[in-house]
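These features come from TrEMBL:
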type     : residues  : note
TRANSMEM : A:25-46   : transmembrane segment
TRANSMEM : A:53-73   : transmembrane segment
TRANSMEM : A:79-97   : transmembrane segment
TRANSMEM : A:109-127 : transmembrane segment
TRANSMEM : A:154-175 : transmembrane segment
TRANSMEM : A:243-267 : transmembrane segment
TRANSMEM : A:279-301 : transmembrane segment
Amino acid sequence: MRRIGFFTFAVGVALLPALFPDNYFVMAVGVSAGLNAILAVGLNLLMGYAGQISLGHAAFFGMGAYTSAILTTRYACPSLIALTAGLIIAGVIAWLLARPILRLRGHYLAMATLGFGVIVHVLMVQATPWTGGPDGLNGIPPLNLLGWSVDSDLRWYAVIMAALLLAIGLSLNLVDSRIGRALRAVRGSEFAAQMLGIDTGRAKTQVFVVSALFAAFAGSLFAHQQSFVSPDSFNLTVSVELVTMVVLGGLASTYGSACGAIALTLLHEGLVVFEDYEMMIHGALLMAVMIFMPQGLFIGLSQGARRLWRLKNKASA
Amino acid sequence: MTTALSTLPSAAPLLAVEGLEQSFGGVMALAGVSFQVPAGLIYAVIGPNGAGKTTLFNALCGFYSPSAGSICFEGDELLGLPPYRIAALGVTRTFQNLQLFFNMTVLENVMVGCHLRARTGLLAAALRLPGVRREERQLREWAHEALEVCELADRAEQPAGALPYGLMKRVEIARALAAKPRLLLLDEPAAGLNDTETLALRDLIARIRAAGITVLLVEHHMPLVMSVSDRLLVLDYGSVLAEGTPADIQADPRVIAAYLGGAVQYAV
């Protein structure tokens, strides 16, 4: 059952560029939707499964992006090594941060992670000699995978979708395992989880690091794909948007958060035609989804589809 | 139905509590409680509301840090250990207020109970290495065994939150059993159950003891306590009022005066 869903998704993703070659929505929007989906799938492990909020996730996204940008432009570092360095930096910072910060709960955790995101953003703006300040860094070379240069739209689409499938696969495996159940137990009842031998502090640290790694990975890809990074891509709004994607898609569902990310990215693009009214319509749609599909888009839509299917069967019988 | 098993404490008790003290502000919830639980018994702790029963449980499990005393479990000092370390030593519990994982199925809840019996780490789980699959199958089997004991096998795939209250309480017991504890703490397992369910619970507790697990029971339902327990500890205002077999306790004038409030005969 799990395999069927995964392969359907993979085949769909692979068919899109064949069905709509050179289509702006597939190539450009698809790539940014894919990156957002990797971020959302990672954040969902922390929020949806372990029940811990992070309002500073753009910071880890930025760490991956800036590490790749700085190492490849200033030190001519091979892109794969820069990507690995980004993962290590984000992972270590997440690990150091996790113990003190994840002792907090609810609103307090939200405030602390928000503060962390703001600090990292300020560093990006102020540490001009390193980060280029508000102007950012440009001239980031294309991603080079052992000699294969990712320098066309189609190649970027392929790389990012492969990365997304990897992220989804890892998330699905993790959730349905001893570790994943321990995470869900932390969300269900930390009290009971501890009494069954789960070191809840350690479990929360682990998932915080994993979700930071997902974000840093997406960040590195983002820097190479855009060939330019600036602090604007990693501010508080981005963190909030990531949380929105996870909640909109449906908490504690890997596909749900990927769907939420894709839906929100498409929505931004689709609403551009409304110009000044874009944000208003955007907000209204989000409110409507949350009111009518409180379990999120993914579950809401699949239940709706099932109901329609039953109606149709009844009508034809 | 009082079991006259070896009711005298054996040489080396499974659990030995010495002079345990716990205060909240100015209130002494536990004022120097001492008792010993021999291995293989059903040992009940009773007392009026506020006597310190749940406080005692929370102290034993590491959720409180008592200011004085010692808790010796099979030679290990539990005082000062975090709950997950105490669980790893073979002590687990159920909760007076349900602490089920409502975001999971019944089977998954019980599989969390097997956490300590498995090894799979983060990386192996994310990559789903072949060893992980094997271990998952083993966990599933163990969880089913625990569900079988608690007569919940047919509910395995249901969401834990969809069960009637009485069955939810059973899932908590199954989850605790799946951890293969040597000491199981049951905190008011009969609260909210009807008579039929309480009878079934009594049989279940007896089966648990038969499987070699020592049971420490906090319960208000006197017919259940008197019929299933081998020994009892009576707490009042955070102190031990009496200790002995159900027959001793029912005949003890101090207990009758302080707790039962008069001469009451229980149908047991």
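From the backbone N, Cα and C atoms, a Cβ is placed for every residue, glycine too.
These figures come from a predicted structure and were not determined experimentally.
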Worksheet item: Near the transmembrane segment (A:25-46), which residues from the same chain, at least 6 beyond its ends, have a CB less than 8 A from one of its CBs?
Response: 16-17, 52, 54, 57, 61, 153-154, 156-157, 160-161, 163-164, 167-168, 171, 174-175, 183, 207-208, 210-215, 217-218, 221-222, 225, 242-243, 245-246, 249, 251-254, 256-258, 260-262, 264-266, 269
Worksheet, complete the sentence: Near the transmembrane segment (A:154-175) in space but 6 or more residues beyond its ends, with Cβ under 8 Å, are 2, 6, 9-10, 13-14, 17, 26-27, 30-31, 34-35, 37-38, 41-42, 44-45, 49, 143, 145, 183-184, 210, 214, 217-218, 221, 225, 254-255, 258
Response to the item:
In the same chain, residues at least 6 away from the ends of the transmembrane segment (A:243-267) whose Cβ sits under 8 Å of its Cβ atoms read 5, 9, 25, 29, 32-33, 36-37, 39-41, 43-44, 47-49, 53-55, 57, 164, 168, 171-172, 175, 184, 187, 282, 285-286, 289-290, 295-300
